[in-house]
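S.K.: From TrEMBL, here are the annotated features:
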ACT_SITE  356  active site, proton donor
BINDING   243, 285, 286, 287, 288, 385  pyridoxal 5'-phosphate binding site
BINDING   288, 325, 329, 357, 385  substrate binding site
DOMAIN    34-292  domain 'Orn/DAP/Arg decarboxylase 2 N-terminal'
MOD_RES   61  N6-(pyridoxal phosphate)lysine
Ligand SMILES: Cc1ncc(COP(=O)(O)O)c(C=O)c1O
């Protein structure tokens, strides 16, 4: 959370947060390169360099810019993309296509064509309709496309229902029913343009327990064994998704990465051993775990509204437009007054956003020192699913993103301008000549 603390100001990677707020304006997303790198190194130590025949991908939906692609590429991780736009960003950043996975529950013909034309490493096929599109495009382009099937193994995770994706009743993936999967596998195997490598599951996000991963692995291995015995299909690859939980508040305890990885790998080996199967290549694709703690958002406090006997609201110059997670699914964040870091927190305030929604509340009952308009609020661990989920609701402009490292700061995404908000808008003929 708080990274560096000199005197009364919050420092992030050697940069004075108040100077950053002055220089770049608020709201402002700050991203620590070192923290992203540390997480990637940890993944290599605990997973990809430790276990043979494994690979790690960064789930870029958590936060994606061309700069992020470069940081991930330099660390040697792959990239998971989920739309034509994410793929385009990766292509523009010249991310090696041999290390990109393409996800999505309703990929369009155009998106699939872009992926196949660019020889991306694997398409994670969500459904039979998509499989047929891939077959058609691959055949037109004379390509052989490597795929995994995304399965919903029918396990439920302890997390918010909007980010619980392993249940049978899910919009994602093929439900793990033998007949349905057998049909899909046979279609893939019969195609000259498709190379079925194996299976994928992603159980949800913000998971703190490894039990669901272990259950899902056991269930998927029953399928792998069945396919081996029934049609002699060898599963070469198993992608176990992302989802490792991070602590957003001081009281939450984050499980170490080893807790997930070691049990996942042990369970894969155990199943292979019991069923006498070859060990598939195992992949993981965390997003939040890599980037959440690297982010801090700075806001300027404006109106302070005291409702006697009820609460005090401190309004900030951002809110659900730059961080929709609290209003979307009750996500909790922790923050501090960046210019009063040394002062005793004797008061409680509720941080309200500036959007026209009563639900636009960023943090409830935050402990703070005495605050005044103009103070700078730093909200921690905003690196994942903030910038990437930002909107222009109420025609608020999207904040800039600044990368910090070793006391230096650099803009990696410019703050939007009002002109940006109107880019692409056209007046109908009827109004064109109006002043
Ligand atoms: C298929 C898939 N993989 C990986 C992830 C990353 O999840 P997390 O950021 O929780 O690690 C997601 C998130 O939605 C996902 O849908």
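Cβ from N, Cα, C; glycine included.
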S.K.: By a 10 A CB contact count over all chains shown, which of the recorded positions listed here is most packed: 61, 288, 325?
M.R.: 288
S.K.: Taking Cα atoms as reference points, rank the recorded positions 61, 243, 288, 385 by distance from residue 329 (substrate binding site) and give the first.
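M.R.: Minimum Cα distance from residue 329 (substrate binding site) across 61, 243, 288, 385 lands on 385.
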S.K.: Can you check which residues sit near residue 287 (pyridoxal 5'-phosphate binding site), meaning Cβ under 8 Å from its Cβ, same chain, 6 or more apart in sequence, and list them in order?
M.R.: 58, 59, 60, 61, 62, 63, 80, 205, 242, 384, 385
S.K.: So if I draw a 10 Å sphere around the Cβ of residue 356 (active site, proton donor), how many other Cβ atoms end up inside it?
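M.R.: Other Cβ atoms within 10 Å of residue 356 (active site, proton donor): 8.
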S.K.: Which one is it, among the recorded positions 325, 356, 357, that lies nearest to residue 285 (pyridoxal 5'-phosphate binding site) by Cα separation?
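M.R.: When the Cα distances are compared, 325 comes out closest.
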S.K.: Of 243, 286, 288, 356, which is closest to residue 325 (substrate binding site) if I measure between C-alpha atoms? They're all recorded positions.
M.R.: 288
S.K.: Of the residues named as substrate binders, 288, 325, 329, 357, 385, how far apart in Å are the Cα atoms of the most distant pair?
M.R.: 27
S.K.: 285, 357: which of these binding-site residues has the sparsest Cβ neighbourhood within 10 Å?
M.R.: 357
S.K.: I'm trying to understand the geometry here, so how far is the Cα atom of the residue listed as 'active site, proton donor' from the Cα atom of residue 288 (pyridoxal 5'-phosphate binding site), in Å to the nearest whole number?
M.R.: 28
S.K.: What's the CA-CA gap between residue 357 (substrate binding site) and residue 286 (pyridoxal 5'-phosphate binding site) in angstrom, rounded?
M.R.: 32
S.K.: Ligand 1 is in the model; which of the binding-site residues 243, 285, 288, 325 have a C-beta less than 6 angstroms from one of its atoms?
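M.R.: By the Cβ criterion, which requires under 6 Å to ligand 1, the hits are 243, 285, 288.
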S.K.: Return the residues near residue 286 (pyridoxal 5'-phosphate binding site) by Cβ distance under 8 Å, restricted to its own chain and a separation of at least 6 in sequence.
M.R.: 43, 56, 58, 59, 242, 243, 244
S.K.: Can you check which residue among the binding-site residues 329, 385 has the largest number of Cβ atoms within 10 Å of its own?
M.R.: 385
S.K.: Name the secondary structure element type, per DSSP in three states, that contains residue 329 (substrate binding site).
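M.R.: Reduced to three states, the DSSP call for residue 329 (substrate binding site) is helix.
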S.K.: Mind giving me a neighbour count for residue 243 (pyridoxal 5'-phosphate binding site)? Other Cβ atoms within 10 Å of its Cβ, every protein chain shown.
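M.R.: Looking across every protein chain shown, the total is 28.
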